[in-house]
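I have placed the structure first, in the form of structure tokens, so that the comments after it can refer back to it.
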């Protein structure tokens, strides 16, 4: 008899039953998703851009007289807190080699990224509108700090772009589960 017996020749994977699909392979981790180095870099970029935008806006003495600029400050503070917390989680996951593929956690990340992206984008757009009004329409850049307003607004847009990338990648991860 030429048949192999499991006790003599162990088989690592049981043979496929007729009509049964082979087990699905997990796709390799795409950089930028939670728990990857790319994801950590995106979170750190979001944090840095939002922090610098916040710092520039707060350094202007009369920013609080314009509601859109106050909104930008509030949105960048929220973005800083969210991005820093998730950068710490990503860094910890990388250090202990844990996957952040839990569907409840991924759902929370999608909602949080979506909310912070929307708030940051709205604040950056409002600030850009006021900056254009002050600089181009009213031509009052001599009395105001147009260059600093523009820089803070541009950095808020960069932070929004990076959180949007995180949102898209995390949403894709959630949708392909």
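Positions of Cβ are set from backbone N, Cα and C atoms, glycine also.
Different topological domain names are assigned in Swiss-Prot to residue 62 and residue 90, which places them on opposite sides of the membrane. Transmembrane segment is the annotation Swiss-Prot gives to one range among 6-26, 69-89, and that range is 69-89. Most Cβ pairs within less than 8 Å of the transmembrane segment (104-124), among stretches 37-57, 69-89, 154-174, belong to 154-174. Taking Cβ pairs closer than 8 Å, the topological domain 'Extracellular' (125-153) reaches residues 53-54, 56-57, 59-60, 66, 68-69, 71-72 in its own chain, all 6 or more past its ends.
For the topological domain 'Extracellular' (125-153), the number of residues in each DSSP class (helix H, G, I; strand E, B; coil) is 21 helix, 0 strand, 8 coil. Outside the topological domain 'Extracellular' (58-68) by six or more residues, the chain places 123, 126-127, 129-130, 145, 148-149 with a CB less than 8 A from a CB of the stretch.
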